[in-house]
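Reading through the structure tokens given below for one structure.
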Amino acid sequence: MADEVSIDVAQFHTRLASLITQWKADKRSGNNVFGDANSIAIVMGKSDPDTTGFHKANATQFWLLGYEFPATLMLFTMETMYIVTTQKKATYLEPLKGGKTNVEIMVRSGKDEAGNMKQLEKVMDIIKNAGKKVGVITKNLSSGPMVQQWATAFGDISKEVEEVDISPALSAVMAVKDENELRSISSASRASANIMQDYFIDTMSDILDKEKKITNRALADKVSNKLDDDKFFRQTKMPSNFDSMQLDWSIHPTVMSGGNFDLKLSSEPDDNNLHAGVIISALGLRYQTYGSQVARTYLVDPTKQQESMYKLLLNVHETVIKEMRDGVVARDVYSKALQVIKNKKPELEKNFVKSVGAGVGIEARDNTLALNAKNQRTLRDGMTFTITTGFSDLQNPQAKNQKRDGTYALMLSDTVRVTTGSDAFVYTKHAAMDTEATMFFFNDEEEEVKEEKPKQKKDSRVGAVASSNITKTRLRGQGGATQNEEKEQARREHQKELHAKKQKEGSEKYVEGHGNLNGVEEKKFKRFESYKRDMNFPPRVKDLIIVVDAKNSSVILPIMGRPVPFHINTLKNATTSTEGEFCFLRINFLSPGQGVGRKDDSAPFEDPSAQFIRSLTFRSKDTDRMESVKDQITEMKKVSLRREQEKKEMEDVVEQDKLIEIRNRRPHRLDNIYMRPAMESKRIGGHVEIHQNGLRYQHLGNARVDILFSNVKHLFFQPCVGELIVIIHVHLINPIIIGKRKTKDVQFYREATEMQFDETGNRKRKHRYGDEEEFEAEQEEKRRRAQLDKEFRNFAEKIADAGKGEGLSVDMPFRDLGFNGVPSRSSVTIQPTTDCLIQITEPPFMVVSLNDVEVVHLERVQFGLKNFDMVVIFKDFTRAPVHINTIPVESLDGVKDWLDSVDIPFSEGPLNLNWTTIMKTLVADPHAFFADGGWNFLAAESDDEGSEEEEEESAFEVSEEDMASEESSDDESDFDEEASAEASDEEASDEEEGEDWDEMEKKAAKKDREGPEDDDRRKKSNGKKR
């Protein structure tokens, strides 16, 4: 046995010296950690096999000695360490004597209880002589005769000495790990990650793919048995001196699925079968007594909501890891994680874990280093933690099986080390947690199976004659009209279905009592504080004059002999007027019901029924002074409004994560690139690089712009066909700041002109010989453009390949479906893509995602107009509609066909509508809007207009007939009216015959005899009839 136990004496004295050094330093600095303890007593009872994990007593023994010594008492003073143990254990501890710190070993007998009590009395005397405070572990989990005897002996002197909890001090001493400890934690973490990544995922996916039946407990046991597979660990990448025999479970494997989730990992796996939905697996290995932990959530055929929740958790988890730096306070780490949730989904705050991690070492979880909202411990370089983030009790309304899938949880856990400066080092990074590695889709093929369209049967009578030559109409000229009518009828039927579907979705989504749309908060009363107390007033208020304090955004007015401050946000404006020798300064305040403009409701009031001061007027003979005060108030109001506007504009700007650069190889790069929006006023070229998680643009001035794949919503490639530039365009989810402005669109382009490809030093050739050279130059230009398109397209595909984990793909515009329009200031070509409607040739750019579109309305569609307008209404009704004006009427059918092909309901009308009022009404009460018919009023308006036009035309024809009958009887008709009547008669019937030349000459002569006055009078009368 003596040969088996070998204590590292040098390591023991190094760590013992570290303990005493930190103890003394704490006494000098104010006893913040050790609690002014004069001695430390740690008693360890019998080892209990039922006790899971490690606690402070045996953790301290492992830290100092490398082994657990049951039934042993360790007493520390500033000068000496006393160890009370049995004879056999004393032989193992004998080599510890003679070091820098004195070590005394007291041997106790197992049978001589009286002698043992005398030893303990001697220990008590040492404690009393050391001082009045002794540090003990208040929550000692060990038991046995040794612990009972200690409790009896210590009870006799409990009135003479005071107990203090030494657990936080021991935790602080053992928190910062040395090289050997870090190496052990690294090995334990790597082994845990290997089991999770290389064994559990393969086993779980095989079970689900083959639809095997296995319980959560049985699967956890299979993972647990992997500990004895030495061959598995030898096949994985582990250190050369790694010994799998020193592995043990720190956290026994657990598998959770089917709605039963415990993120505290305190319960055993249940006996239900593994359910294909949300699956959480957690485990932790211990190597040379140092623990680790890793947990992953795997999503099988997740819904869009579950994917969104997991991406949010991934963002929170990465945020916590980035905050784990030297000098950061523990509670600040938790606050940072909570802030990410509040910014993106504040309703999930109640579902978030109460702690995002704790210290890890010999103890699997050191709660004195918990990363919660209260812990004020400071992180130090060399500390190790388990980072655990998760959401519990999440609801899945789209679940088919509400019992097993209706409620779910998400969890991620990693073992990390705190470092200086940069992010924490993740020991368990081998266990991937990105969406590509944690989401499994087994039902894709079933969902993508579509019904095959039955093939049209050939007519046996046709024979070898082309079927297209046989028309369904008797006359060849009627074929086109009939096909157009059929096409129009099919489009109308499809649009009716789309409108009915949209109406049904709106009625189901916005039920009665829904209130304001999308949970948009109503405007709340804002409280403004000018000064916390009167001593903060400027000194000039003693003179009882009007003081404009721009620093505190306040105006101090003398009222009834007292200075009264008013915040600038309570003021509306200030005006001056002169009467006689006096100048009057009128200060107007904001009050309810004051204005009639659009901004009247911009400042809600706490109690609108209270009494308000509308204005205050001050009189002075010093006109210059009054004018100066007015100007100062006006300027301060402008600054305040500008500041509020800037703050509002920057609300949706989200700080991006850090770009992970590629170090092991040269990144893919595209040179000679320009970016829009430009970073500087001058146009400076640069290059774009593809890194692990995003793009980096760097121009010659060394300024950089990073774009992460997780923030990219759409990626477009537009070739230079018909354009002067070739473009790679990135449309973002959240805007970023470039220069001093925010933008959601970033574009990389290169000009496709001949100057860009000049291979002759920009010199023009002196002689050109005819058409041959022009033809060669044209062919060379085509070749260059094709080469440029190929280069940019390949680079765009490389971007999509690097960002495929975020679902990134390249989208190209369909130029054949494009049409001209004015979305902003100038007429541009607007082109549809697979998922969007875009204009990325000229700024400002326009990118409309088709998935975000609710309906489209075409305005000014009526006979005789050369242009029409398009209004795009979004599913997010709080978002302003997009207007595309002045579209040529020749594009009307093409626009309708495209909208119908992408299943977007559209309507048309002859007038421009007031969309601001319409959207305000919709946002105020969406239920009432859809209850009254929803978007059907747009189609109804166009139908009514068409019927009114038909009625007017029919009435006009009747009046012409009456006029024609009167003219035939009275013989007082002018040539124009008869001509129009004849035209209408000819159109009505082809069988009627026209008048001969003699009759027409007589009528023309009669018209010549009539004067111009009669002609004017007759025209006026015709206008009245119409």
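Just so you know, glycine gets a Cβ as well, placed from its N, Cα and C.
When averaged over the domain 'FACT complex subunit SPT16 N-terminal lobe' (7-170), pLDDT in the model lands at 84. Positions annotated as domain 'FACT complex subunit SPT16 N-terminal lobe' by TrEMBL: 7-170.
If you look up TrEMBL, you'll see 472-514 (among others) marked as region 'Disordered'.
The compositional bias 'Basic and acidic residues' annotation in TrEMBL covers 484-512 (among others). Within the chain, the compositional bias 'Basic and acidic residues' (484-512) has long-range Cβ neighbours (under 8 A, six or more residues past its boundaries) at 854-855, 896-897, 900, 903-907, 926-927, 929-931, 933-936, 939.
If you look up TrEMBL, you'll see 546-697 marked as domain 'FACT complex subunit SPT16 middle'.
Summarising the annotation, TrEMBL assigns region 'Disordered' to 759-782 (among others).
According to DSSP, the domain 'Histone chaperone RTT106/FACT complex subunit SPT16-like middle' (819-909) comprises 16 helix, 42 strand, 33 coil. Per TrEMBL, domain 'Histone chaperone RTT106/FACT complex subunit SPT16-like middle' is recorded for 819-909.
The compositional bias 'Acidic residues' annotation in TrEMBL covers 941-999.
The feature region 'Disordered' is assigned by TrEMBL to 941-1026 (among others).
Feature annotation from TrEMBL assigns compositional bias 'Basic and acidic residues' to 1000-1018 (among others).
Residue counts of the compositional bias 'Basic and acidic residues' (484-512) by helix, strand and coil are 26 helix, 0 strand, 3 coil (DSSP-based).
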